[in-house]
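Quick look at what TrEMBL annotates:
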type     : residues : note
COILED   : 224-251  : coiled coil
COMPBIAS : 582-617  : compositional bias 'Basic and acidic residues'
COMPBIAS : 618-634  : compositional bias 'Polar residues'
COMPBIAS : 635-644  : compositional bias 'Basic and acidic residues'
COMPBIAS : 658-669  : compositional bias 'Acidic residues'
REGION   : 576-669  : region 'Disordered'
TRANSMEM : 6-21     : transmembrane segment
TRANSMEM : 33-52    : transmembrane segment
TRANSMEM : 103-126  : transmembrane segment
TRANSMEM : 146-165  : transmembrane segment
TRANSMEM : 177-201  : transmembrane segment
TRANSMEM : 378-396  : transmembrane segment
TRANSMEM : 425-446  : transmembrane segment
TRANSMEM : 466-489  : transmembrane segment
TRANSMEM : 523-542  : transmembrane segment
Amino acid sequence: MSGAALGLEIVFVFFLALFLLHRYGDFKKQHRLVIIATLLAWYLCFLIVFILPLDVSTTIYNRCKLAVNSSPAESNGSYVTLAPSKQKCFKPWSYIPDGIMPIFWRVVYWTSQFLTWILLPFMQSYARSGGFSITGKIKTALIENAIYYGTYLLIFGAFLIYVAVNPNFNLQWNQLQTIGIAAANTWGLFLLVLLLGYGLVEIPRSHWNGAKRGYLLMKTYFKAAKLMTEKADAEENLEDVMEEVRKVSESIKYNHPLRKCVDTILKKCPTEYQERMGRNMDDYEDFDERQNSYPSEKSLAKLHKQVIYSVQRHRRTQVQWQILLEQAFYLEDVAKNESSATRQFVHTFHSQEPENKIIQYFYTPTVEWYWECLLRPWFYRVLAVVLATFSVIVVWSECTFFSTKPVLSLFAVFIQLAEKTYNYIYIEMACFLTIFFLSICVYSTVFRIRVFNYYYLASHHQTDAYSLLFSGMLFCRLTPPLCLNFLGLTHMDATISHKNTQPTAYTSIMGSMRVLSFIADGFYIYYPMLVVILCIATYFSLGTRCLNLLGFQQFMGDSEMTSDLIDEGKELIRREKRKRQRQEEGENRRREWKERYGNRDDSTRSRAVHTDQKESSFSETNANRPLSKYTRSNGRTERDRIELLQDAEPLDFNADSVNDDPLESDSGR
């Protein structure tokens, strides 16, 4: 089993990152480099979180071996004995051989740092650029990132000057590397505490409110009103941009040098607008530079950027509106079925997507009723209580993890108790649950954040390339300080525990933070206490109230604006529900008509075919008979028909006016 756990987790985390990226990104429409870069960033960050518990258990085993093999004289040297020297050390099932973890952490850490500080910002500007060639996009990306890179170079230069001027420091390459890591972790820790303070309160509260059906329905109505406003705004913006595209397409003809750029813009437009513009094209006209003023390539690049943004926003709002409608209809069905006497869940509308037969077999209407109307609220309440307990433990440990005598951090107490008995399964499970909960609090906040329309992670393949790359940057910057914070909570970091013990392989890659004492002994210890203030602010919804005062409508139960938006959303949902019901009634009537009269039409059609066959056979037999008896009458009929055709006057289609009144036509005749 040596190294097998590491290999299994590497494969599992890859498919987990691929699944999440498939949910938010669009593999078919987005550029492959954007997908690969985002997948690599997410994969490395998730990998650090899953592999770190294995590093902890391996480190505890290595400490035990050193303690057992060391003599009493050696116990005062590099490593101290953490357990009785006579106790036998048991190798953990997930033990990783020496030398693998340092190389693994070095590759993962520096790759993630290269992604977040160099590659992803450049690709972000490249993907957002409206250039028509690779060279133009690269040029735009370099110009936009010049200020970005210059700012960080200035900060790093300030650190170098501080270390060079201070006579207490002997600047070496390892120390310089540690300074760079400390600068990156300081920035990440600053953002980490802000996101963690929000997630520790909001995640348990969201699950507790998830048990309230009325609360969820009112919030869905509120979202519907806001989304309808955004949807109308997106449609209006798209119309304005398409109007500009139409004017440019009509002004730049087929033989203009910039016509290729216009064709590139037209390919990004929706299909209905492409067809509409194609019908109005007069490509037979040549362009004349002396008569018309044509847009420049720079203005076309700007228009191209606007088209990409407006089309993506319009598509996203359309998909989100349909998803929100399904959610609102389902919550209304749950409210109706709660008082059902049959205890079978009845849907107002049938699912538009085909259901899995296995799920349909086990998840019957009766099972669905018991889950949705009876068990699910209690399950969410119990889960909210468990998550709230975890949040309290995290807040307490964040405020007391610097205390080593006595040990006040509860996570450190749990790990040290398991370390005495060398229960590696318990150690790994405790470490995994701790860092997994911290990651959920931080990463879920990243997925919920929305910075206007520039950064927004939307599910169902509606996230644009800019937001995907930005999320990868945030993950790569937040994960290393998150892991260091976890090691500090469990006292596995020698900087916190103040013990001269063997460090974990992850801590050894980070280097000793003693190079910058004011960060190691000050910022890293006391700044995480700010999470208490942030949790209190989140509990009383101070951020939501501030945004509401600034004009950004947020869901607040005691606000008049919220109640107005709820009423508006309820009316919108009712209108869409009536429209959906009329559509289904029309489909049902057509289906019933087809079932009722379909067989009769088939029989009538077959009877008509049989009659035609009889008539054709009858005419064939008559044609074979002698025609002397009917020759005279048939000739007279043919002569009468010719005379009628000769008497008919031809219609004059060149007349000035045509009269449709039959009375006037009779009088004229």
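Backbone N, Cα and C define each Cβ position, glycine as well.
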Counting only residues 6+ away from its ends, which parts of the chain sit with a Cβ under 8 Å from the transmembrane segment (177-201)?
113, 117, 155-156, 159-160, 163, 391, 394-395, 438, 440-442, 444-446, 474, 477-482, 484-485, 510-513, 515-516, 519, 523-524, 527-528, 530-531, 533-535, 537-539, 543
Spatial neighbours of the transmembrane segment (425-446) far in sequence, C-beta under 8 Å, 6+ residues away:
49-50, 52-54, 56-57, 60, 92-94, 192, 195-196, 198-200, 202-203, 387, 390-391, 394, 411, 414-415, 418-419, 457, 471, 474-475, 478, 482-483, 485-486, 489-490
Mind checking which residues of the chain, 6+ beyond the ends of the transmembrane segment (33-52), have their Cβ under 8 Å from one of its Cβ atoms?
6, 9-10, 12-14, 16-18, 20-21, 25, 27, 104, 108-109, 111-112, 115-116, 119-120, 123, 127, 431-432, 435-436, 439, 465, 468-469, 471-473, 475-476, 478-480, 482-483, 486-487, 506
Which whole number is the mean pLDDT over the coiled coil (224-251)?
93
